[in-house]
Every structure is written in C-alpha cells, then in structure tokens.
Amino acid sequence: MIEDNKENKDHAPERGRTAIIFSLKNEVGGLVKALKLFQEKHVNLVHIESRKSKRRNSEFEIFVDCDSNREQLNEIFQLLKSHVSIVSMNPTEHFNVQEDGDMENIPWYPKKISDLDKCANRVLMYGSDLDADHPGFKDNVYRKRRKYFADLAMNYKHGDPIPEIEFTEEEIKTWGTVYRELNKLYPTHACREYLKNLPLLTKYCGYREDNIPQLEDVSRFLKERTGFTIRPVAGYLSPRDFLAGLAFRVFHCTQYVRHSSDPLYTPEPDTCHELLGHVPLLAEPSFAQFSQEIGLASLGASDEAVQKLATCYFFTVEFGLCKQEGQLRVYGAGLLSSISELKHSLSGSAKVKPFDPKVTCKQECLITTFQEVYFVSESFEEAKEKMREFAKTIKRPFGVKYNPYTQSVQILKDTKSIASVVNELRHELDIVSDALSKMGKQLEV
C-alpha cells in the first residue's frame, strides 16, 4: 500500500508531496548514486518508477514521489542537477490510498475534469530547461520565450480561457515555413478525414501561412465538433497523465513554436505539431471516440498496462496509417507534422504491418529517427474495435464510463453502478424506438 509518511507531521508543518523527475544514462550504479542523495538528505521516497526516455534512446527517466519539506527538496534538487542531465520538480497528488479493499493498490487517477489541474503540470521539462542538443539551447531570447509559454501553461486552471498569444514575426515565419511545405504533401498523403477538416479550421480558426491559430479558438471549434477541448501544457507529460486527459476529451497542447534555425525539425512537440498534426483529426467524431477510449482504458491501470496503451497510441494517433480507396494514407499526427517522415512513410521503402494491439504494444517507439515499422488499419472503426478488445485484457477491478453531462467518470464495480448505466441505456433505446416508430408511420410501413 502507498501512503503518506505521517511521522513527525506536527513538527514539520510544511511537509508535502512533490514529484521529481530526472534522467539517467543507462549505466551500472547510476540510480543507486542518485537515490543515495535522497537518503543523505533524509527525504522519504513514497513511490519510484522508471521509463525509457522519450528524448534520448540511451537514457532512462526516473520518477520519484517524495514526502519532505521545502528546504530538503531545494537541497536535493540542487544536488541532483550536478549529477543528472534533466531535473523537473512539481507538486503531486499522483498516487493515493483507495479506501476499498480491492482498490487499495490502484494508482490515483482523475475522477472529474477539474482533477486534471492536479496532474497537468507534471511536465518532464520546464520552460527554459532545454537539452544541450536542442536547437535553441544557446539562444537566451528563445529560452526566455519558452519560459513565458511554460508559465502560462503552469498557471492555467480548468475553466480558464486560454490566454491569447501575440506571436513574434520570427515565430510566424517559422510556422509559415512548416505550414507551406506540409500543405504541398497533404493532398497525396493525408487521409480523407484530415483533408475534410483542414479547410474548416482555415475558415473558423484562422489556419493560414501568415497566422498561428489561437488555442482558445481551436478549443471552441473542437468542442462544437466532437466535445474535445484544448488545455495548454508546458511540455512532455508522462504517458499516464497525458492519456488521462483523453478520457475527459481533453487534449494537452503546447503553445510554443520550434526554434527558427531549423523549422523542419523539432525534438519535442510544439504548436506546429499539435495544430497541424493532431487537431484536424480530433475534429473527426470517430477518431475522437478512438482517442477517448484509449484514455478511459488507462484510468487506474497498472504501469505496465499504461505503457502498452501509450505504445498503441504512439503507433496509431502519432504514426498510424490507414487504407482508403485501395491506397495507404496517413492519419498519425507525428507523420502529418514531419515533412521527411511523411514522405518516407508512403515511399514504398517503409515497413508496414497490420495494426494489432497485442503486437503493436511490444514495438519500440523511436523519437529521433524514423520508425522501424508503421501499422495500418482498414479504418478508424476497425482500430477502435481492436483497441476495445485489447482493453478488455487489462486487469482492473472495475470498469469506467464517461458522463458527458458532469464531465466525470463513473466507476462500475457493483450491481448498483451497473444498474444506473442500464437505466440510462434503456432511456436512450426508448428514444431510438420512438423515432423509428415515427419514421415508420411517415413511410406508412
């Protein structure tokens, strides 16, 4: 069982839970050395987990959930910076104790949409903290600008309007280069759903070569189309936190623009990737449903199950292919926002396999190079059905159902909760039956 360390609580009123995430090279003894620093400063570690870095294939990211006071944390933060390559520190309520006996080891997950405030700021990098190989690492003006965007995202709360950004000429020029080059490829590479929705975004959200759309405008557009909304985020989230947002039809979206020195490359998701890669398909009902179901399957799932779901998400929503009119077309956002890999994926030289979650979840995700294999689905509906079957294999002592009226998840774990859902379905079937009856009378059937 995971629980807060309550010892000496009266003598340390400023103690609290904080998440620290840092990167380690894949070498013997690295983790032991880092954890020894926590021991020396008497920092209690409540939870530890590791995952392969999304930025460097040779490194691992370590997440630790700490219970300590601010002075101890500041000391450990400074010590870690001299031993590891990336350090991020944020308040956390990521894990907690569940009261039901069969739920006590279930990781914390948001129950209502406002709970995303508790995990949306758990970014792996913050503001001006860039890797040494980042194109903007030596550009102090760019780093300052990145911190500005990060602060906006970190201060955002559910229900707030997304702040309007006055983009610089340099940022608009960078966006324009990406927009112009990608639009040359979309007619022959993008799926029909993407091509249908892109003109709507031009009309209603200001998608143009000389204009970067505002996230608030995009969020309102998506809300009317599929119920999805946009939430600004400062950078990478953990797979668990990102997928949790999808369960509530919330897409965490960056606002910063990639560095102008190399407009056709970015080592991380930026607003070009989000707006040109993801948004057009989030405006498609079937795709939106597919994305939400992956998110719902992740709630309360084990770390292993979440990683499998995240990998399936990566090879579908980010790098997925589909068949249309007998030809391969792209629907993955990572491809639709990358000129070189978009060309490669349909070049004939790329390796392609049918999408099968049981196989796909074992494939390695590559960040800095082209994928070794791409997975193709016959349709979004087929991909959705396969993911539904795969989700049934995830061991979880309850089911979940999203309630769009309260923007919360219903926990289905007893006959009472199941009966409530059955009553809702019965009412909806009555509506359908009544409509069919009226249609029959009109047709004199």
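Just so you know, glycine gets a Cβ as well, placed from its N, Cα and C.
The feature domain 'ACT' is assigned by Swiss-Prot to 19-94.
Residues or ranges marked as phosphoserine by Swiss-Prot on the basis of sequence analysis: Ser58.
Annotation source Swiss-Prot lists L-tryptophan binding site at Tyr236, Arg258, Thr266, Ser337, Ile367, citing experimental evidence. Under DSSP, Ile367 (L-tryptophan binding site) is assigned to coil, being neither helix nor strand in the three-state scheme.
A sphere of 10 angstroms centred on the C-beta of His278 (Fe cation binding site) encloses 24 other C-beta atoms. For His273, His278, Glu318, the entry in Swiss-Prot reads Fe cation binding site.
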For Glu318 (Fe cation binding site), which residues in the same chain are close in space, meaning a Cβ under 8 Å from its Cβ, but six or more apart along the sequence?
-> Gly332, Ala333, Gly334, Leu335
Within 10 angstroms of the C-beta of Ser337 (L-tryptophan binding site), the count of other C-beta atoms across all shown chains comes to 22
Number of other Cβ atoms within 10 Å of the Cβ of Ile367 (L-tryptophan binding site) across all protein chains = 15
Rounded to a whole number of Å, the separation of the Cα atoms of Tyr236 (L-tryptophan binding site) and His278 (Fe cation binding site) comes to 15
